[in-house]
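Enquirer: Pulled the feature table from Swiss-Prot, pasting it below:
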{"type": "BINDING", "residues": "CYS456", "note": "heme binding site"}
{"type": "CARBOHYD", "residues": "ASN313", "note": "N-linked glycosylation site"}
{"type": "CARBOHYD", "residues": "ASN408", "note": "N-linked glycosylation site"}
{"type": "CARBOHYD", "residues": "ASN443", "note": "N-linked glycosylation site"}
{"type": "TRANSMEM", "residues": "4-24", "note": "transmembrane segment"}
Amino acid sequence: MITVTFFWVGIVLGAIWTFYRVVLYPYRVSPLRTLPQSQRGHWLWNHAFSEFLQPIGQLHAELLLQIPNDGMICLRGLFGAPKILLTSPKSLADVLVHRADDFEKLPGERKILRAVVGDGLVTAEGDVHYQQKRKLLASFTPPKIRALYPVFWKEATALTQQIRRTLTHDGSGIYTGTTDMVYWAPRVSMDMIGAAGFGQSFHSVRDVDSEIIHCYEKAFAIGAGHLLCVFADTLLPRIILQWLPWPRWRQFRQNIDSIQDFCHQWVTDAKATSALGDGIPSNLLANMIHTGEYTFQELIEQVRTFLAAGHENTSSVVMWVMLALASDSELQSRLRQELQASLPEVELDKVDLAILEQLPLLNAVVSETIRLFPPLPIGNRIAIRDTTVMNHPIPKGTPFLIVPRAINRSSELWGPDADRFNADRWINPDTGRFNNHGGASSNYSFLSFFHGPHNCIGQNFARAELRTVVAAVIRSFDMVLDNPAADVSPVGWFTPRPADGVKVKLRSLV
């Protein structure tokens, strides 16, 4: 009888606790209850899965403009659980910079990233992150990046030469044809990070059967089935997955293991070269080894991280910048004139390619592409202690959404043409020089590389890659879209790309 009584007491207490946590606390007690709330969620799970809706970040961009707010909007997940959408430079500055130590990536997100891109800088937090970034900064100084321009240019010109080989010669020295830049973008990005990052010659551009490219295409495939593989690989014990009749997961795991093996071999090669003491370090990995501050396994993890970040992110932006230029013949012509004036065909080998950093329109095109199409369209943080944002109390465990796609396209921050590709916003009309703000009033209006301690350490490396690819392609070809009516909506969860690809008609120029 006593056992039965305790059972029912437990049931009643559990029901009371559930009612308090699900109904009373979120809407009557929590300090977050006074924030503007979204009413657009699903009737059952509210906004619990809003981060996965395609295009990524589009819903949040709409909420940002539709719901009056002072910098934060409270979205609700399962059972009324809060999720705070940051919407203003002030709230972003608090989370990313002023109180950065109070926030970390979600544990689940870090676990997924660790499985896919390695246990490097991207997944590190706290003092571990500080120490890793401190050691890595020496490899990403402006002089070190400028020294890599000849490497980038070599790979970019290899791209244009290989594209030319796929075109048809008309007998008068002109090559014409159609190609899809979605095919070429990951290959040239892989070759660039291979050469400049690790001292490796992948030849992905000319090798149709490039093993490293195939591994990455399969490991980072687009689709819900692939995303399920990533979650399962992260959340379920390997011994259970190995017994399941799931060929797709096995292929995913095999590709991730192959990438790990590649990284192991590259580090082995680089350390052997370093031991010979032959010359000044000429790539990122060689610079890291030269410091003597890394163990062998730490080098492997950082290489995995930089391979994923340096390849996938750059590849995505290359696709979008080619789409933008192929869609605007006038902009393309202006850019070509600027490039031809600064990079004459005669004695090009004697030109300091770092001059690309000084070209206003080239840098404007690159910045505008990164603004409109950030490689990472959404990110998460969680409060690891009780804190405040814009003087508003935030309980420990509160998750936050940081959505570069929404912030970068906010008409309140970028003006009425925020959704339109307008490279000229990055050029001062009075001087004709490049500016680094695009007309926005705050640097937090541009979130593509985030800000603060966790900003992207490789952003200048990525910009240098993009400058050289754009310069090489636009100097070599005239481009127009093969099908202007094609669907160019962003698809994919990690690094979105145009849904129907970037099919362009090319005509050789040099």
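Cβ coordinates come from backbone N, Cα and C, glycine included.
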Enquirer: Near ASN443 (N-linked glycosylation site), how many other Cβ atoms are within 10 Å of its Cβ?
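Expert: Total other Cβ atoms inside 10 Å, all chains included: 14.
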Enquirer: Of all the recorded positions given, namely ASN313, ASN408, CYS456, which is spatially nearest to ASN443 (N-linked glycosylation site) at the Cα level?
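Expert: Comparing Cα positions, the closest of these recorded positions turns out to be ASN408.
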Enquirer: Only counting partners 6 or more residues apart, tell me which same-chain residues put their Cβ under 8 Å from the Cβ of the residue listed as 'heme binding site'.
Expert: ALA309, PHE449, PHE450, ALA462
Enquirer: Sort out the sequence-distant neighbours of ASN313 (N-linked glycosylation site) for me: same chain, 6+ apart, CB within less than 8 Å of its CB, listed by position.
Expert: PRO375, LEU376, ALA462, THR495
Enquirer: When DSSP states are folded down to helix, strand and coil, where does ASN408 (N-linked glycosylation site) land?
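Expert: Its secondary structure by DSSP: helix.
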